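Report on the structure given below.
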Amino acid sequence: MEQEWLQVRKKLQRSLSKGQYDLWVSTLEFLGIEDGNLILGCQNRFHIEWLREKLEAKLLPIASQHFRGVRKLEYRVAQGCAAGAPEIEGAGPRQIAFSDVVKCVGPAFNPRFTFDHFVVGGCNQFAYAAAMGMANNQQLYNQSVYLLSDTGLGKSHLTHAVGNYLRNRKPELRVQYVTTEQFANEMIFSLKNGNMEAFKNKFRTGCDVLLLEKIEFLSGKEKIQKELVYTLDELMDRGKTVLCTGNAYPKDIPKLNSELQSRLGGGLLAPIDKPDFKTRIEIIKRKSHTENIRVPMEVVEYLADRITGDVRQLESCLVGLMAKSNILRTPITLDLAREVSQTMLDQLPKISVEQIQKIICANFRITLEELRSTSRRKQVALARKIGIYLSREYTTESLQSIGKSFQRSHSSVLYAVNEVQKGMGEANGRLKREVEYLSRRLETSCLSES
């Protein structure tokens, strides 16, 4: 059976990066098969949790091909691994603890997502204040708040923070927390079972605070949108509070009817931007403090400079660093940080100028020939300008290379980039919204193709 396990590992090696394989698979031990369960020896509990969450969906089908009758995977902390490893001199990294899921009546809010655990910076200060003000019932603005940002920047954290705050401070309030997908599924189920009154009671008369995430899911779902409009109207009429989240301004979400756009856009709109360098440093320091692990300042600054995407990427890189340090029983150093961050960056989808041009043309409904032409038509000129800017932001191509792709001179490319950068400085300007919307489309498209 050792040969079969070797074949499983070889297949995994072909589908994973070298860093992922070395860290998570090469350290696995084949312990045998019991009652249809493939028993694997792991380094520690963190190793087990990572395998369950990230690799099991890929590992189980491969194992079933090579081990007849295997239906499940079972993980055990192998003897002599974490417990018996020699101690490193000095303060070594501790085992990463996983909080148990809090069992409670009503919506399940992540206990880690609180206002105290939210790192506030210039990128999210307004959204934080809006969510906190709503939780405190400060009547400084409309009773509706809409948080918008790209994925991984803190919308869900703030939404759960409101829920946790209300549950602890105002338990008498009836709080409903759902994603729009859950809202839609409950509505469809109620329709099929002739129980729409119960559905309406839950979200209208039986609700004091509605927390509704991922509005973009409703794109094109006309009947669900109409029901949500009725729900929002009744809640507003009764003086109740609503917090919604989305990945774009309501009016920029495609196939969202004008009534719903109006209801959502009529409240307080609170965008969240990507964290700046200073905020990224604070996020890393807060996360390492929460995990009770000491990370040298030079490593903190290196990660903050290297990982410039969303908060989730930053925390994921830090967790990977702590995991590797923990599993290998080695201190956290700058060299280890370089290795882990490079492994993570290698996994991110690469975006090309051609992909950017394709999305730009589709959005502005122009041809590639028009985009590259000398046309000064307003629509074409705007598309070209944004395309050049996004190429500068998302690729490693030089200005000269970008100019060649758009059939423009170096100075024309530089002018276009500067023009868009000026427009991005306007808080609610049309150009800024257009660029943010196309950036989201570009990132989503590349992630789905990777």
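Even glycines carry a Cβ here, placed using N, Cα and C.
Summarising the annotation, Swiss-Prot assigns region 'Domain I, interacts with DnaA modulators' to 1-70. For 70-107, the entry in Swiss-Prot reads region 'Domain II'. The feature region 'Domain III, AAA+ region' is assigned by Swiss-Prot to 108-325, with sequence analysis given as support. Taken from Swiss-Prot, the feature ATP binding site covers GLY152, GLY154, LYS155, SER156. The annotation region 'Domain IV, binds dsDNA' is assigned in Swiss-Prot to 326-450.
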Residues in the region 'Domain IV, binds dsDNA' (326-450) grouped by DSSP into helix, strand and remaining coil: 94 helix, 0 strand, 31 coil
Tertiary neighbours of GLY154 (ATP binding site) (same chain, Cβ under 8 Å, six or more apart): PHE118, ASN124, ALA127, ILE272, VAL311
Neighbour tally for SER156 (ATP binding site), based on other Cβ positions within 10 Å of its Cβ: 19
Chain-internal residues near LYS155 (ATP binding site), provided their CB is under 8 angstroms and they sit 6+ positions away: ALA127, LEU147, LEU148, SER149, GLU213, THR245, ILE272
Shell list (ATP; ref centroid = CB of GLY152, GLY154, LYS155, SER156; cutoff 8 A): SER149, THR151, LEU153, HIS157, LEU158, THR245, ILE272, VAL311, ARG312
